[in-house]
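Written out below as structure tokens is the structure these notes cover.
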Amino acid sequence: MDGSDGARRVLVINSGSSSLKFQLVDPESGVAASTGIVERIGEESSPVPDHDAALRRAFDMLAGDGVDLNTAGLVAVGHRVVHGGNTFYRPTVLDDAVIARLHELSELAPLHNPPALLGIEVARRLLPGIAHVAVFDTGFFHDLPPAAATYAIDRELADRWQIRRYGFHGTSHRYVSEQAAAFLDRPLRGLKQIVLHLGNGCSASAIAGTRPLDTSMGLTPLEGLVMGTRSGDIDPSVVSYLCHTAGMGVDDVESMLNHRSGVVGLSGVRDFRRLRELIESGDGAAQLAYSVFTHRLRKYIGAYLAVLGHTDVISFTAGIGENDAAVRRDAVSGMEELGIVLDERRNLPGAKGARQISADDSPITVLVVPTNEELAIARDCVRVLGG
């Protein structure tokens, strides 16, 4: 690909601690010229010792797809950054001052922001002549109503240490809400929606028009729904209890809640396909994990129906939401009195693309809407650069 088609493209990078995902996409058409992932960064015996090597490997993979970044019409590099704190909530062109401030904010997201910053620094060094733009997971939820954003703790402490509900997966929630409106051929501003982003990380949001009214994740991505490895909502006293009675340190408890809890903590597996196999074999732990997962999901759906007052549409998205028909069914079964009537003939496993899975006479429309965070980030980049 030599860029002779005149398309402008954005290289979107999602840099994690042990993996780097990338996609080269045309923000106008939505067509991806190349997409891939570099894994096992920094692991023992890995051929990818650090993020510099990872990005160079990504460039090799792009070249293998016939992409020459020098002639591909590249106009920007978009970086997914999980946490922008109270400072950054709009797509932001990266410079030394912005990066320095992001380093200061890393305490708010110690698991996510540092590897993103590593990816940014390497990408700026290897692609110095291109604009680099950060798009923040927390941005969409910056203007949550105070009643939803505020934790009922000592106000002085909260203000001093920027403790509030920030929310995450914001790029996905915004994109899916827009796509749902387009699918229904209805104005976005007139819709009240619940979006359920269900992947290894899971989050829910209640959205009125273009404004989110509530979301399940909080100061960090640990709060809310049960997830693949995260506990979601939990009594905060569990932390002090384990510290005092089990002799665990705070960091150990936090690591357990983030990496050894949720579905994997209850069942030993986090992949829902494997979980389903265990359930079918009669594994009680797997069944309990599934029941806890769907119970929490149903609680949030019910809560957000109340927050919105009137709901027009519920959208399932991300890996589990898009592909697991049983989760979708069990999330809303028995809610006919609340206005949700699923059509089992439409709620099929293996179906692709945006689709309706509720009955035609269901007061609340239920959709499956594939997310595309890379495309949303690419479009944000072009927008902030004035394209």
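Just so you know, glycine gets a Cβ as well, placed from its N, Cα and C.
Swiss-Prot annotations:
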type: BINDING; residues: ASN14, GLU373; note: Mg(2+) binding site
type: BINDING; residues: LYS21, HIS197, LEU198, GLY199, ASN200, GLY201, ASP271, PHE272, ARG273, GLY319, ILE320, GLY321, GLU322, ASN323; note: ATP binding site
type: BINDING; residues: ARG80; note: substrate binding site
type: ACT_SITE; residues: ASP137; note: active site, proton donor/acceptor
type: SITE; residues: HIS169; note: site 'Transition state stabilizer'
type: SITE; residues: ARG230; note: site 'Transition state stabilizer'
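Everything Swiss-Prot records as a feature, shown here on the structure.
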| residue | record | contacts (Cβ under 8 Å, 6+ apart) |
| --- | --- | --- |
| ASN14 | Mg(2+) binding site | LEU20, LYS21, PHE22, HIS79, ARG80, ALA116, GLY119, GLU373, GLU374 |
| HIS169 | site 'Transition state stabilizer' | ASP137, HIS197, GLY201, SER203, MET217 |
| ASN200 | ATP binding site | MET227, GLY228, THR229, ARG270, GLY319 |
| ARG230 | site 'Transition state stabilizer' | GLY201, PRO221, LEU222, LEU257, ASN258, HIS259, SER261, GLY262 |
| ASP271 | ATP binding site | GLY228 |
| ARG273 | ATP binding site | none |
| ILE320 | ATP binding site | LEU198, GLY199, CYS202, PHE272, VAL327 |
| GLU322 | ATP binding site | PHE316, VAL368, PRO370, THR371 |
Largest tally of Cβ atoms lying within 10 Å of a Cβ, found at which of the binding-site residues LYS21, ARG80: ARG80
DSSP-derived class (H/G/I helix, E/B strand, else coil) of LYS21 (ATP binding site): strand
Largest tally of Cβ atoms lying within 10 Å of a Cβ, found at which of the recorded positions ASP137, GLU373: ASP137
Site diameter for ATP, Å, by largest Cα distance between LYS21, HIS197, LEU198, GLY199, ASN200, GLY201, ASP271, PHE272, ARG273, GLY319, ILE320, GLY321, GLU322, ASN323: 23
Around the Cβ of LEU198 (ATP binding site), the count of other Cβ atoms that are within 10 Å: 26
Assigned element (helix, strand, coil) containing ARG273 (ATP binding site), judged by DSSP: helix
Conformational class of the residue listed as 'substrate binding site' under the three-state DSSP mapping: strand
